[in-house]
Amino acid sequence: MPIRVPDELPAVNFLREENVFVMTTSRASGQEIRPLKVLILNLMPKKIETENQFLRLLSNSPLQVDIQLLRIDSRESRNTPAEHLNNFYCNFEDIQEQNFDGLIVTGAPLGLVEFNDVAYWPQIKQVLEWSKDHVTSTLFVCWAVQAALNILYGIPKQTRTDKLSGVYEHHILHPHALLTRGFDDSFLAPHSRYADFPAALIRDYTDLEILAETEEGDAYLFASKDKRIAFVTGHPEYDAQTLAQEYFRDVEAGLDPDVPYNYFPHNDPQNTPRASWRSHGNLLFTNWLNYYVYQITPYDLRHMNPTLD
């Protein structure tokens, strides 16, 4: 699926070097097919890096995907040039009257911060409330899962004593579920979080269906039966080097982090890590776009009036 992005977005050249099909807006305008409109609320500090990761995964299906990047934090960024944010990101006020086929809410390094202490917590709640009437399907990733469970289901913040970091094995619970269609019975995916997601908590306090979990009984992938909301507690979008960058950053900060589990060959940080989750990440996002977005979204978004009820 060619993703449609602004002509000058840095990800265009970055992904073309990997032979990822990226279609600029100027080229796409000549095609008579409605692209899927996907809004990405990017909460990660290194926004360009995160854009590259998610756009790579959104590029693997047969239809156009029209990407709109959203920011809700008006503070000056220390990791992303202001010019980039001004050129490629919109504010909520710019899109609040629009409808979208899909919304992705990324993770954020806020695992040890109380919800009410998050600078943009009111804006997060506003976007989630807005999405009920303006988005066909929303995918929450890592910290965004924890935030959404609190806002939508009233589940208090669950925090691990130690950070979960590494590449972990998961198994699917419903082989014929659409979101896990084509998954291996067991698969690997990276995690980098303090948030805790016990499967029992999800089963006891929500109506969500758990589709995949870790060997330790943590929920990894779960969704509503109407496909309107889906949750992934790990980081299937991560590059091969992302966990290494986080590890060495924490080492330099004197935090004495554990070596990411099952990541560096022979558990030696001097060895170059290899991504063992790429096929899983691509299939997950392809399934979400196809079965949770494309198959149920209306052709004319002006007529969309979805509800979570």
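Backbone N, Cα and C define each Cβ position, glycine as well.
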Cross-ref Swiss-Prot: substrate site K163, R249; candidate in list S137, S192, S276 matching that site is S192
Excluding K163, S192, R249 themselves, the substrate site's Cβ centre has within 8 Å the residues P109, S165, L243, E246, Y247, D250, P257, P260
Cα-Cα, K163 (substrate binding site) versus G111 (site 'Important for acyl-CoA specificity'), nearest Å, comes out at 9
Densest Cβ environment (other Cβ within 10 Å) across the recorded positions K163, H235, R249 belongs to H235
Rounded Cα distance in angstrom between E237 (active site) and C142 (active site, acyl-thioester intermediate) is 11
